There are 2 protein chains.
Amino acid sequence: MYHNPFYTAEIQGPWEEISIGRLELENGGAIEDCRLAVATRGELNEARDNVILIPTWFTGTHQAWLETYIGEGHALDPSKYFIVIVNQIGNGLSTSPHTTDDASIAMSRFPFVSIGDDVVAQERLLREHFGVTELFAVVGASMGAQQTYEWAVRFPDRVHRAAPIAGTAQNTPHDHLFTQVLLDAVTSDPGFNGGEYTSHEDVAEGLKRHARVWAIMGLSTEWWKTEAWRPLEFETRDQVVEGFLEPTFAALDPNSLVVMGRKWQHGDVARHTDGDLAAALGRIRAKVFVMPISEDMFFPVRDCAAEATLIPDAELRVIDDVAGHFALFGFVPEYMEQVDRHLNELFAS
Amino acid sequence: MYHNPFYTAEIQGPWEEISIGRLELENGGAIEDCRLAVATRGELNEARDNVILIPTWFTGTHQAWLETYIGEGHALDPSKYFIVIVNQIGNGLSTSPHTTDDASIAMSRFPFVSIGDDVVAQERLLREHFGVTELFAVVGASMGAQQTYEWAVRFPDRVHRAAPIAGTAQNTPHDHLFTQVLLDAVTSDPGFNGGEYTSHEDVAEGLKRHARVWAIMGLSTEWWKTEAWRPLEFETRDQVVEGFLEPTFAALDPNSLVVMGRKWQHGDVARHTDGDLAAALGRIRAKVFVMPISEDMFFPVRDCAAEATLIPDAELRVIDDVAGHFALFGFVPEYMEQVDRHLNELFAS
């Protein structure tokens, strides 16, 4: 328990914290008072059929969506839809290791939370707090795509459209190993102290190493080669690392990264079907646009395309962006133009 | 200075240690008594025009080439060629931090050695020790490809054929960052102690983390996805990591990895031409087969192909292998069949 300024309204903009009560966890244990950090835009219509749910990605918060993806002129248009962004458990805003009042789950004692736990929590939130049971769409990227798939498989009759962007329904072996490298960078720092540091600054070096792993996997070989960072007003490659990536990750809470990283590693909708991925994806009733990013180094197009073939009503919509995974940040306008075009088409279907 | 059993004839097979005397280093400093670990196969012919030089890759030694690439039935056939494998400086067999008798360069005091330094050393070795000035071919993979390019650019009239496999003439920005992640894993281990550990076992955890970085970059997403490791007689993904990759890297000398990693980071033939890569590669007179591996995660085909277009007499010969960079280990016979086919054609030209 310590104060980390990144997780404040000053940085994140306002959000609402909503308790959903006790959350039993899929892999054992419970969060006695699970509090979800929620931001909404737009209004719920009378038919309650205009709800778009957005779960968040690794390190991401509602703010990333509000800044880049949502607003007038975007497919995610608050004048049409009631958009509910739910921060994932452990992301620093929803119940998290460094902020919880519950000493039994603080810091290193935080339990293992799964993608399924997030979806169960979100479903309860929507039903009990907003009176919503059907979703016009679920839209999520990266770990948000994992949650999107989990929604579509777990509640097939209640999700009408799904847009998993840059993520998979079943985490791949490579992705599992990649996430381990990310975790290694943080937990190997002596300052991490098994999760019992006194400030994220104790883990500054580990967080910077973590950032440098993202430099080689979050951004493509070609993005670096073509110096596609120049429009972002950096002058050198090292400035991108030291002036953007390192500070971005050094601000974060280390236990939060560990909780999310482990969750990511174990994302797999085939848990519901004894390991049979085809059976799990075959359950989906939603219209799905599978939207990988062309240069993604760890959710490559072919992995997403393979899953798309197992979904009854899916289309593969590849987003062309040299950045790779971090295209999600919306570095160039062409990225959002593609996302909006695909989402508009999905929403019109 | 400590004893590491990996760098013994028991593991590596026999080699000859040849002093080339004092080696002035490109970036300052010198190695007073530079000793190169050399293994040869075949006989030098009277015309002295059948010499194939093989420089080694990161962590590799002459043994990797002898086991997989050289012998009867291979293009690298000792009945035709005098094959000289020179271990790169700092690789644990040639003059290296943990074995040198020269206290001024032992362990953390080892100087920064460049790809150019290796090539200067090799040229002197060949000329003074073997009486060889012209090379039928240079064949090298990964960091060996860097040395191959350096040879072809530095001594254009003396290299007649060159086969850079899975490597570039100018290290890419992504590759620089990737190498940094590899170095981070080792040097961040408190047991590394700034290079002044008492045994590589002090750095066991860092070396294992280093191995896990290789797991995600040395092997492709698709190799892991398709469980292409099954023919290697592993039963699970984790066995590949814990039973193969971790022990492979945990056996190595940490300072050796740091010396080679820094060398790799700064490989760039455009040093010779004020940063103009086209001018540097335009100097080459050798017939060059540029041989990237199809699924290489960090020397991607397109980076190698782009360099091939700048070489007067080059052909792009892509080796198709799902493993990616570590295809170099020769996991499947189809790999060596392709290498042999291309090299045979190059040698016949």
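Cβ coordinates come from backbone N, Cα and C, glycine included.
Curation does not apply to TrEMBL; its annotations are automatic.
Feature list (source: TrEMBL):
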type: DOMAIN; residues: A:51-197; note: domain 'AB hydrolase-1'
type: ACT_SITE; residues: A:S142; note: active site, nucleophile
type: ACT_SITE; residues: A:D296; note: active site
type: ACT_SITE; residues: A:H325; note: active site
A:S142 (active site, nucleophile) and A:D296 (active site), distance between Cα atoms, whole Å: 11
The domain 'AB hydrolase-1' (A:51-197): DSSP-derived helix, strand, coil residue counts: 62 helix, 25 strand, 60 coil
All-chain count of other Cβ atoms within 10 Å of A:D296 (active site): 27
A:H325 (active site) and A:S142 (active site, nucleophile), distance between Cα atoms, whole Å: 8
Packing count at A:S142 (active site, nucleophile) (other Cβ atoms within 10 Å of its Cβ): 27
In three-state DSSP terms, the structure that A:H325 (active site) belongs to: helix
